Every structure is written in structure tokens, then in C-alpha cells.
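Some features that TrEMBL has for this protein:
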DOMAIN    88-216  domain 'TFIID subunit TAF5 NTD2'
REGION    263-317  region 'Disordered'
COMPBIAS  263-274  compositional bias 'Acidic residues'
COMPBIAS  286-297  compositional bias 'Basic and acidic residues'
REPEAT    345-386  repeat 'WD'
REPEAT    418-453  repeat 'WD'
REPEAT    460-491  repeat 'WD'
REPEAT    502-543  repeat 'WD'
REPEAT    544-577  repeat 'WD'
REPEAT    586-618  repeat 'WD'
Amino acid sequence: IGGNVAAVATSSPGVAAVAAVPPGKGEARGAAGSVPLGGNPGKGGARLLLAASGALRCAGTQGSVSGAVVVEDQPDVSAVLSAYNQQGDPTLYEEYYSGLKHFIECSLDCHRAELSQLFYPLFVHMYLELVYNQHESEAKSFFERFHGDQECYYQDDLRVLSSLTKKEHMKGNETMLDFRTSKFVLRISRDSYQLLKRHLQEKQNNQIWNIVQEHLYIDIFDGMPRSKQQIDAMVGSLAGEAKREANKAKVFFGLLKEPEFDVPLDDEDEEGENEEGKPKKKKPKKDNVGSKSKKQDPNAPPQNRIPLPELKDSDKLDKVMNMKEAARRVRLGPECLPSICFYTFLNAYQGLTAVDITDDSSMIVGGFADSTVRVWSVTPKKLRSVKTAADLSLIDKESDDVLERIMDEKTASELKILYGHSGPVYGTSFSPDRNYLLSCSEDGTVRLWSLQTFTCLVGYKGHNYPVWDTQFSPYGYYFVSGGHDRVARLWATDHYQPLRIFAGHLADVTCTRFHPNSNYIATGSADRTIRLWDVLNGNCVRIFTGHKGPIHSLAFSPNGRFLATGATDGRVLLWDIGHGLMVGELKGHTDTIYALRFSRDGEILASGSMDNTVRLWDAVKAFEDLETDDFTTATGHINLPENSQDLLLGTYMTKSTPVVHLHFTRRNLLLAAGAYSSQ
């Protein structure tokens, strides 16, 4: 490789699971935007692996790389790995490592915590270097001697590593390749860095210095070193922390202005509106409840930043209903907790894998491991399909109750089963207007179903691997999906190919969520990071690290300013989107958190977990008096108060039912759902 940068494109399922499609299938190309340094998995099927040798230095600045060649054929992993060429005496590796360990453990307390971050990446790279150069016994003894010193949250990674004992094993291992090709990011104060540099140069410990230069990216900041506690809060992801630069871009987190329209006033309207809610003729006496005289939110994106669908009459009507409901909404708070209504799926021997509830809480859908999608009505109103074409032609189109007449009473039932997927259904999402339903599955497809006919309208093919989650935009029309191929895709219902491909995660994209203003999408991944993507240009505008396990739930606060995330580590982390900072940590759950939801006005955060509990947290208190001054933002010195117990408002046990989904109704009643497990 000789000092240059070799970029190797891989597209076989065995190695890089980011292939959007194998080259040549003609997927939406270029959606991922330009590939920055660090090897964002790239455009249309090619995954860029940047293997750099001495040419890239890490002292605070990052050299730019140009002229990377992309070879679109079978992955030449050996080229990537050959950077592990023999550089030192294999018998001395243990000595090098223990020498550094001794130096760090004897350094001053203030530097020790920061420099200890080096242990894990150095351990992995030195071990892999030994394995690659076929010093199997030395590698084994190196692993045995030092693996116990690593932080507990790297256990899973170390388990994978311990199974790589031969050069051949390294070729097909994705985790390994990622580790090898993405620079591990460490955030260290200038003083600690100078100390380390001086030590390694005095000791002539080139072996370690080379690894530091080649495989680590050291993000140096001026100021006080961080404490162990501050570092522990932020580390733990596959590629270390996020570079501070990654969270600097401006994000328009404000809400879009609600459209203005007139609302018929009197309460007697209820009878006047027939079932389908056709508004009567407008009274001249108008009351502009609909036109909230809100000034444009200074942090909101321009209204037309991305094209959003026009409001249909039925949407306006729904908004009116929504406002009426909102007027009767319960104000929640520590003194006034919501009632919780739990929907238990009994005898779900088909294996419940996904749940969603419509915004107006009238329907609930379950996705199952037997590849079915089942829709229930949870109001007395039954689910009906539209009549057949022959019957429809007999209907008088001009009649007032045409919407009622087109429904076929003979089909009325509480439950509809949708068949079509050929694998477990991992994600479901209702469209805001309740006309459509999305489902995504292990079979690699996302399907769009009509709730008028209860049939499948489209199968979107783009992911070649299981799709773990999908969600409609709050404005409808757009939807997002994320899967095992490590990318999230943005779709529009009327395009059969994705509009954007969001590439950058180093492992499966496990959950996806739209920001309330629909301009951004958050994705959580098994690489233990959360990324925020800009829908307009496909750029990654935030990278949040701190979870110690795969992310399984995301929730934006209703005002759009904050994001809550839950993972297998049982912690809920709270993030300030504007400043790109972690602002809170809620400890209490003892197992994976699969569901998070803010109440309608954002006063309470509800979390549901595999530990069979629903917990309620005081969101107002969690987000008040945040220290988000410029200093904190610049250095990432976050001081998380240990106040989980003060913020926890209640814990509610279910009867051995893991909580899969949470939903606040328009009046702030909390609905929860899960399948009873008999063990």
C-alpha cells in the first residue's frame, strides 16, 4: 500500500453487508452523497474500505485523501489486511503492551482515565496483527493475558475476537473488517496526548506508536482532561467516540408551522358530521382555532425545505378532531400520572415481533414471526373493505353518504390478517391518515398495504437482507427503513426505488424514526451509535455514542429539541439535538428497552422493556437547567447528574409480558402492548 490509500470496494454478502445492491442492478446511485474520509460505506453497492498506512497522521488534524480508486469486483480483503505486515518481534508484543499498561497505570490520576481509553483499540489491533502474521501461539497467550483488563462493555466484541485465531478467519469477518478500516476515535486532552507521545518516543516503542498513528484517530482538545465518569458515559461504541466535528453542523430541530384552516365551532357538530366525518357546510361564524397564531419557530427549517404532501380535506378534518381531543387532554406531571392500558397478546404462539397503534388509537397492528400481519380494531367500529368493482359501479356517486355506501358490510370484522411476507415481520407502521400500513420483514422487503381493501399494494425491494424497522413520516408519503445491510433508506410511497440511502453505520440499523418536522431521520444501530441524517441531502449531521449495546428504541420529544434512546444495556440516554450533547441518563431497567414514547406535550417519558415493566420518567425535570454552554459543547465535558431515582415517577410490572410498544392517545392515556410469555 506504501503510504497511499487503497480503497477496496466489496459487494459480496459474505463480507460487507452494506451492498445497496450488487453493482449493476441499477439502484438509486449517488444518494449517499460524497464519501468523506473514514470510509462511509459508499454509493450503490460499493462499500469503501479505506486502508491507510503511515500517510495519515492523527495529531489533531486529518489529512485529506484524494484519488481513491474504487475497484468494483470481488472483495480483495487481503489488500485491506496487508497493512498488518510484520513490523515487530512477535515475542515482544506482550512486553510492549504491559510496558504501556504500566506507564498508564502509574501516570497521574487526571491523565490515567483518558489514556486508559487506548487499552482496548491497541489490544485488538495488536492481537489481530499477531493473528494475521500467523503467530498463533503468541496471539493466544497475548489474548489470555490481557483480555481480562478490558472494560466490561467490550465483552461481546472480545467474544467475537477470541474466535479469530487464524489468518483465514479474518477474511470473512465483518466486525473485524470494520474495526480494521474505520479509525477508532479517542478524545484526549492535549496534555495527556503529549505525555503519551513523549513516553512512546523515549521508549522507542515503535510498534505501539505505529498502531496509534495508523489505526486511531485522536481528537485532541485543549483544557482539563476528562474524568473516568465523563469518559465512561460517552464511550462503548464499535468505533470509539464521535469526533467533535461530527456534531457541529446546524440542525433545524424546530417544528413546522401548522397550516391554517377554519374550524366549525359548535359542539352540536358531532351529530351533523356523519360517520366518515364529512364536514357540514361551514357556518359564516368562524373561529380560527386552527390558525394558531404561532410565529415561525426560529429553529424550524423553511416550510418548503423538503416537499411535503398537500393536506387533503380528510386530513383537515382529522386535524379538527385532533384539536377537539387535545382540548380534553390531561395535563400530566409528577402529581398527575397517566393511566396505563395494556394490550396483552395472548396465545401469540406465532411470535409477536412488532406492534403499532394509529395516531387516533382506533387500530392496532401486530407483526408476527409466522410472517403474517394482523390488524385489529380497538373501537366498536369494525374493519370493513371496499365493495367489489361491479358493486361500486351501481352506487350513485353524488349521494351524500357515498363514503359509507362503498363499504361492504359483509366484510366487517374485528381482525384482518394480511398475508404476503415470507419471513418474520419486524416492523409495522400506520400512515398518519390511516389509509395505509407498512410492514418490513426478514425477507428483505417492505410492503405497503391498503387499509381500504386490506390487500398489498407494493413490495419495495432494496434491502438484500432482513429489514429490522420501518416508519412513516409524520406527514405521510415518505417512509424510512433500516436493516441488516447497515444502511437506512428513505422511500416515497409512489417510487419503487429509494430516494436516499443513509450509509455510515458499522453494523445493522436496528431502529429508525422521523423527526417531528420530517426533515431528519434518526437511526439506531447494533454498532451502539445513534445517527441523525438530513433528509434533504443525505448527510449525517449527528453521531451519538454512549450506549454499551445495540440500540432498540428511539423517541423524539414533541418539541423536536431532544431525543431519547434505549438499548440492550437497559439505559435510556437523553440527547440535546441542537448542541449534539448527551444531557441525561435514566437507569432503572434491567433488560433491553424496546419502547420509548413522550406524552403528547412532552411532560413524561414512558419506557417499556424486556424486564416486563413500564417506567415513567419526569421529562420536564430531566431537560431543565441543562449545562449546554459553549465550553461543554467544545470539549464534550458532560456532567451527568446521578438523578435517575428523582426522575423515576413510577414502575409498573406486567404479568411476565415484555413491553414491545407504547403509545400516548390524544388525551394522554398511555397504551402499552406486548405478548404474554409463559416461561
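Positions of Cβ are set from backbone N, Cα and C atoms, glycine also.
Automatic, uncurated: that is what TrEMBL annotation is.
Counting same-chain residues at least six beyond the ends of the repeat 'WD' (418-453), those with a Cβ under 8 angstroms from any Cβ of the stretch are 312, 314-315, 318, 351, 353-360, 362-363, 365-375, 383, 385-386, 459-472, 474-476, 479, 481, 483, 491, 493.
With a cut-off of 8 Å between Cβ atoms, the residues of this chain six or more beyond the repeat 'WD' (345-386) that come close are 318, 321-322, 325, 392, 406-409, 411-430, 432, 434, 437, 439, 441, 443, 449, 451-454, 660-661, 663, 665-666, 669, 671, 673-676.
Secondary structure by DSSP for the repeat 'WD' (586-618): 0 helix, 20 strand, 13 coil. Beyond its flanks by at least six residues, the repeat 'WD' (544-577) meets 153, 156, 233-237, 240-242, 247, 251, 253-255, 299, 507-508, 510-517, 522-526, 528-532, 583-598, 600-602, 605, 607, 609, 611, 617, 619, 622-623, 626, 628 of its own chain at Cβ-Cβ distances under 8 Å. Mean model confidence for the domain 'TFIID subunit TAF5 NTD2' (88-216) is a pLDDT of 84. Secondary structure of the repeat 'WD' (345-386) per DSSP, as helix, strand and coil residue counts: 0 helix, 20 strand, 22 coil. Secondary structure of the repeat 'WD' (418-453) per DSSP (helix as H, G, I; strand as E, B; remaining residues coil): 0 helix, 19 strand, 17 coil.
Summarised by DSSP class, the composition of the repeat 'WD' (502-543) is 0 helix, 24 strand, 18 coil.
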